[in-house]
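Undergrad: Below are the features listed in Swiss-Prot for this protein:
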DNA_BIND  49-124  DNA-binding region
ZN_FING   52-72  zinc finger
ZN_FING   88-107  zinc finger
REGION    140-183  region 'Disordered'
REGION    214-249  region 'Disordered'
COMPBIAS  215-226  compositional bias 'Low complexity'
MOD_RES   Ser327  phosphoserine
DOMAIN    329-596  domain 'NR LBD'
Amino acid sequence: MDGVKVETFIKSEENRAMPLIGGGSASGGTPLPGGGVGMGAGASATLSVELCLVCGDRASGRHYGAISCEGCKGFFKRSIRKQLGYQCRGAMNCEVTKHHRNRCQFCRLQKCLASGMRSDSVQHERKPIVDRKEGIIAAAGSSSTSGGGNGSSTYLSGKSGYQQGRGKGHSVKAESAATPPVHSAPATAFNLNENIFPMGLNFAELTQTLMFATQQQQQQQQQHQQSGSYSPDIPKADPEDDEDDSMDNSSTLCLQLLANSASNNNSQHLNFNAGEVPTALPTTSTMGLIQSSLDMRVIHKGLQILQPIQNQLERNGNLSVKPECDSEAEDSGTEDAVDAELEHMELDFECGGNRSGGSDFAINEAVFEQDLLTDVQCAFHVQPPTLVHSYLNIHYVCETGSRIIFLTIHTLRKVPVFEQLEAHTQVKLLRGVWPALMAIALAQCQGQLSVPTIIGQFIQSTRQLADIDKIEPLKISKMANLTRTLHDFVQELQSLDVTDMEFGLLRLILLFNPTLLQQRKERSLRGYVRRVQLYALSSLRRQGGIGGGEERFNVLVARLLPLSSLDAEAMEELFFANLVGQMQMDALIPFILMTSNTSGL
C-alpha cells in the first residue's frame, strides 16, 4: 500500500506541473478521447477544448497571434522563415481541415494569414504589427510635409529602418496581409471574394502607395520649376497642356506603384522579400491589365459622346441632298492644276524667306477708314463634289475638306487687312486657326454641302479606329469631342440664320488673334492684329444691331469659344487622312498661299 501511495503522489505532482489544456483546472486529470478532461472522482463538469482556427484540429495555444495547433504553427513558421511561395492548382478556395490541410499549401498559408497569424511574430513575438504600420505611415507623412527633394529618401530610409529592426528576410507584404480580427470565425474571416481595396491591397499598402506617388509628383514639379527658372529664354508651353501632362504623369506613377504592390502581393505567388518592394518593376500582365482597363474606359466615353449625334442623324435621315451633290458634272480641275504647279515649284516653307518678323511693320491707316469686307469678299460658294455610294463617303469628306481650305485661304487673300501682312505672318496666323476657319466654312456652306454625310462619316471613322488595338485611346477621345463640337456649332449657327457678312467678320475675328504673335520683335505687328480684331468686333456689333441688337452680337461671339478647343491633329485625321497622308496641314498652308497667287485662284 505504501508503494501505491507513493506512485499516486508522484503522478499527481507531474500532472500539476504540466500546462493546462483546454482551460482545465489545476487538479489532476487525464485527457479523454472525446476532447474533454477527466477531473477527479468528485468533479462532474467537463470543460471544452479550443480548436485550431486554421484546420480545426486541437489547439495547443496561441501561436503568432492566433489560436492554432502545433502543425499549423510549424507550417507557418517554416513558410515565413524560408520565404516559401506556393501555388494553388484549384480555384484558391481549397478545403483546409485536419485531414486535408496538407493537400494545398497555398490555401493553408492564406488561411493562416486570414485567421490572424502575424508574420512579424515569427521574429519578434512580443512586438505587435500595428505599431510598425503606424510608424511607416508616420514616416511617410513626415517626409511629405518636409517637401523638397528628400521626400522619397525619407520614406525609403524610414522603411529600411523598420526592415533592419525586423531582421533579414522579413516581408512587408506578408506582414500587412494579416488584417482580419483574431476572434472572427474561420468561415467568415477566410473569404477571398470580399476584397475591399483594389488589386488585393490592404489599407496600409494603399496608403503608402498613394502617399509615395504624391511625394514623387511634388518632387518632379519642384525640379521642373527649378529647371525652368534657369532657362528663361525657352518658350513655355501651354499651361493647360502642362496641367494635363502632370495629371497623366501622376496617374501613371500611381498606377506603377499600385502594380508593384499588386505584383508583390499576388495571390498566386507570395513574395516575402521586402527589399524589392520600392524598386521592383511591375509585371507585364499587371500593368497591361490596368492600362487596358483605362484605355477601354476612355474609348467608351468617346463613343458615348457620338451616340446622341448618330441618333439625331438617323432621325433626320430623310434630309435631301442639294442637287449640286447629285449632278454628274466634274469640278473645274482646280486641284489638278495646283498639283501640277506644285511639282515644278521649289519647296519654300517660309514663303519667300522674308523674315523681318514685324519689327519694322508699318501700319496702313487707310484700311481702317473703310469697311473691312465687301459683299463679294464675304461670299463663300464652294462647288460640292459628286456624292455617290455611301462606301465612298470618306472620299467625299476628303474632297470637301480640301475645297473648303483652298477656298478659305483664297477668300482671305482678297481682304485688304490680310494683304497688308507679310507672307510668313500670314502663314503663322493661318496655322494657328485653320481648324476654326474650317468650322466657320462648314457652317456657312451647309446649304451647299451634305453636312449630315460629313458628320456621319466622322462617327464611322472614329468607331473604326476604336476597334484597332494600336490606336491611342486619347486620339479616339479627341476625335469624338471634335465631332461633337463641329456638329453643335453647325446646328447653333443654322438656328441663328447667320448672314454672309457675319460669317466673314467671324472669320476675321478668329484669324486676327494677337495671342498667336508673342515674340518681342512682333510688338508692332501684334498691335496691328489687335486693332483689326477690335475693328471686326465693332463691325459685327453693328451688324447685330440690324438683326437683333446687342444680344445677337453676344450670342455670335459666344459661339466662337468652343472653336478654340479644336485639335488640329484630330481635324487632319477626320478630313484629310486619305488625302494628305503623312504631310501635315501646317506644311500645306504655305503652298496653298503661293498657289493662290501664281495660279490666279
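Backbone N, Cα and C define each Cβ position, glycine as well.
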Undergrad: So what's the mean pLDDT when you look at the zinc finger (52-72)?
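TA: Its mean pLDDT is 92.
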Undergrad: Report the DSSP secondary-structure composition of the zinc finger (88-107) as helix, strand and coil residue counts.
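TA: Breakdown, helix to coil: 3 helix, 0 strand, 17 coil.
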Undergrad: So how many of the residues in the DNA-binding region (49-124) end up helix, strand or coil by DSSP?
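TA: Across the DNA-binding region (49-124), DSSP assigns the residues as follows: 26 helix, 8 strand, 42 coil.
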